[in-house]
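K.L.:
Okay, these came from Swiss-Prot:
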{"type": "DISULFID", "residues": "Cys21-Cys55", "note": "disulfide bond"}
{"type": "DISULFID", "residues": "Cys25-Cys48", "note": "disulfide bond"}
{"type": "DISULFID", "residues": "Cys33-Cys69", "note": "disulfide bond"}
{"type": "DISULFID", "residues": "Cys53-Cys76", "note": "disulfide bond"}
{"type": "MOD_RES", "residues": "Ser8", "note": "phosphoserine"}
{"type": "MOD_RES", "residues": "Ser11", "note": "phosphoserine"}
{"type": "MOD_RES", "residues": "Ser15", "note": "phosphoserine"}
Amino acid sequence: SEDDGSASPESQEMSYTELPCPSICPLIYAPVCVEDSNQDFYLFVNECEVRKCGCEAGFVYTFVPREMCKATTSLCPMQTKSS
């Protein structure tokens, strides 16, 4: 059979649903840029902050090289998930 469940995903798109969500991130300045499905860019202080946002807000994103980053905000788009 072709589909044995071990195929790796083709895209780099990620969303994190691990529980509990990371609540505290290290105070490390290692900026990462991501792009969401609306082609909006976000610049986060570090990868942990991206994962925290992804987990808490259901934020789906793709990592983008810094030189291609057109980020206008560094805030997590919390409003994407209605609680």
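Just so you know, glycine gets a Cβ as well, placed from its N, Cα and C.
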K.L.:
Is it possible to get the count of other C-beta atoms within 10 angstroms of the C-beta of Cys53 (disulfide bond)?
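P.N.:
The answer is 23 other Cβ atoms.
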K.L.:
May I ask which residues of the same chain, at least 6 positions away in sequence, place their Cβ under 8 angstroms from the Cβ of Cys48 (disulfide bond)?
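P.N.:
In sequence order, the residues whose Cβ lies under 8 Å from that of Cys48 (disulfide bond) (at least 6 apart) are Pro22, Cys25, Pro26, Ile28.
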K.L.:
Out of Cys33, Cys69, Cys76, give those disulfide-bonded residues positioned within 10 angstroms of Cys21 (disulfide bond), comparing C-alpha atoms, in sequence order.
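P.N.:
Neighbours among disulfide-bonded residues: none.
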K.L.:
Give me the count of other Cβ atoms within 10 A of the Cβ belonging to Cys55 (disulfide bond).
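P.N.:
For Cys55 (disulfide bond), the 10 Å Cβ neighbour count is 18.
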K.L.:
Work through the disulfide-bonded residues one by one (Cys33, Cys69, Cys76) and name whichever has its CA nearest to the CA of Cys55 (disulfide bond).
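P.N.:
Out of the listed candidates, the nearest Cα belongs to Cys76.
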K.L.:
Within the chain of Cys69 (disulfide bond), which residues six or more apart in sequence place their C-beta under 8 angstroms from its C-beta?
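P.N.:
The list for Cys69 (disulfide bond) reads Cys33, Phe41, Leu43, given in order along the sequence.
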K.L.:
Out of Cys21, Cys25, Cys33, Cys76, give me whichever of these disulfide-bonded residues has the highest number of other Cβ atoms within 10 Å.
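P.N.:
The residue with the most neighbouring Cβ atoms within 10 Å is Cys33.
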K.L.:
Would you mind pulling the DSSP three-state label for Cys76 (disulfide bond)?
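P.N.:
The residue in question, Cys76 (disulfide bond), is coil (DSSP, three-state).
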